[in-house]
Amino acid sequence: MESPPNKHIFPFSLPVDSDHKATEFRPFSNSLPHMRAFHLAWLSLFSCYFSTFSIPPLLAVLRQDLNLSAADIGRAGTAAFAGSVFSRLAMGTACDLLGPRLASAALSLLTAPVVLSTAFISSAQSFVLLRFLIGFSLANFVANQFWMSSMFSGSIVGLANGVAAGWANVGAGLAQLVMPMIFSLIVSLGVSSSTAWRVAFVVPAIFQAVTALMVLAYGQDLPDGNYWSHKHPRKASNKPRENVLGVLFHGLKNYRGWILGLTYGCCFGVELTVDNIIAQYFYDRFNVDIRMAGAIAASFGLGNLVSRPVGGVVSDEMGRRFGMRGRLWSLWAVQTVAGLLCVLLGRVDSLWGSAVVMCCFSFFVQAASGLTFGVVPFISKRSLGVISGMTGSGGAMGAVVAQLLLFSGSNKFSTQTGISLMGLLMIICTIPVGFIYFPKWGGMFCGPSNEPSSIDQDDYSLLE
């Protein structure tokens, strides 16, 4: 006998919609399957950020042992982000076809040995190559956001995406704080500094591998099961399975994804760049020691604990009050303010003045990232993973461009001037948000289309 339409076959601890997606978000719960997926997603990505940004706070020691020039450090910084540009796009397609659980765990397990191999590098060339390969792990971000969009309803998807990515991004800040402590602890045991920094990288490598195994053992792709489970073989929203080219094509042809990729490059891409340079910036410009520089730099990344989730909350609230227009206007406003603060950061000459401006800047730039992914799930129902990958790749590409143009080590201007120029780029590249338009919901300046029949529901409807 067929069950009534509103009766759920599976018991859920949280209220759910017709697709069994949670309509409430309880971050301190571990209820199955929604909140467990949330905790596994953010913790796995957290470990990847920790690994990727475990190197910058120890650069003051590494550059002496490896004889690194400013140009070598600049190339390595660029390589770290270049590695995640195409891997993020590939991860989006992998999530569409295999599910976020397998895609996330596989990437973390493949890159964890690369993190461990940091202990064995001996030249500038191997240092640059290693940072390039470790950067692949940042593609786990796409799986993180895809997973949240598959588990949580449209009314709270901005909050879920914001908290999952925000808590994960704290890994970058914690690495800035913890890695110098681990290094100092090992030195205090009588180990030479050139050996101590090598041993320190065992910690992020093991951490990343353990979280990947946890995702495999305890994770679940969808509220009703895994993507290719024999028991629950359906995919999200009962979509027909498509081949790789079909999924990829429908995502790449959507201009909204390209604009969000550009926008994300100027918020998250800038955030990655600052994570990469800020410890060395305070160390060199204000003559603080390695632990103080790490602590100040850590405050930038640790802000993600609150700021990115706030962006998601603002996006959802503005969406409830003003529809898509509210989401887009709030994204533009917050990111423009972040650009102005970035310009100011490069102009402040005092240590504590710079630290205060940096903290204010971190709040707005990270909130802008949360606001961006408050819009992403609405772009394409058919190719959600590809759109997430395009946007995520835009973030990595933004970091690559900023690193090459402004912080490559071969520029004639100072780091502080580069920071101010980066702020100007943020302001300019946020303007195209005004061109995003949805026939069903409108845009910043226009209302919805008067021809609803022209709307392709597969392309423009949120996965609800």
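The backbone N, Cα and C atoms fix where each Cβ goes, glycine too.
All TrEMBL annotations are machine predictions without curation.
What TrEMBL records for 37-435 is domain 'Major facilitator superfamily (MFS) profile'. The annotation transmembrane segment is assigned in TrEMBL to 40-61, 102-121, 128-147, 167-187, 199-219, 258-283, 328-346, 352-379, 386-407, 419-438.
Using a cut-off of 8 Å between Cβ atoms, the transmembrane segment (102-121) and the transmembrane segment (419-438) share fewer than three residue pairs, counting only pairs 6 or more apart in sequence. Between the transmembrane segment (386-407) and the stretches 128-147, 258-283, 352-379, 419-438, Cβ pairs under 8 Å are most numerous for 258-283. Contact between the transmembrane segment (328-346) and the transmembrane segment (419-438) is supported: at least 3 Cβ pairs lie under 8 Å, counting only residues 6 or more apart in sequence.
Remote same-chain residues near the transmembrane segment (128-147) are listed as 37, 41-42, 44-45, 48-49, 51-52, 55, 72, 75-77, 79-84, 87-88, 90-92, 95, 100-101, 103-104, 107-108, 110-111, 114-115, 117-118, 121, 161, 164-165, 168, 208, 221, 272, 373, 376, 384-385, 388-389, 392, 395-396 (criterion: CB distance under 8 Å, separation of at least six residues from the stretch ends).
Where the transmembrane segment (419-438) meets the stretches 167-187, 199-219, 258-283, 352-379, the count of C-beta pairs under 8 angstroms peaks at 258-283.
Outside the transmembrane segment (352-379), and at least 6 residues removed from its termini, the chain residues within Cβ reach (under 8 Å) are 145, 149, 154, 157-158, 161-162, 165-166, 169, 254, 256-257, 260, 263-264, 267-268, 270-271, 274, 278, 282, 286, 296, 299-301, 303-304, 306-316, 319, 324, 327-328, 330-331, 334-335, 337-338, 341-342, 344-345, 387-388, 391, 395, 426, 436, 438, 441, 460-463.
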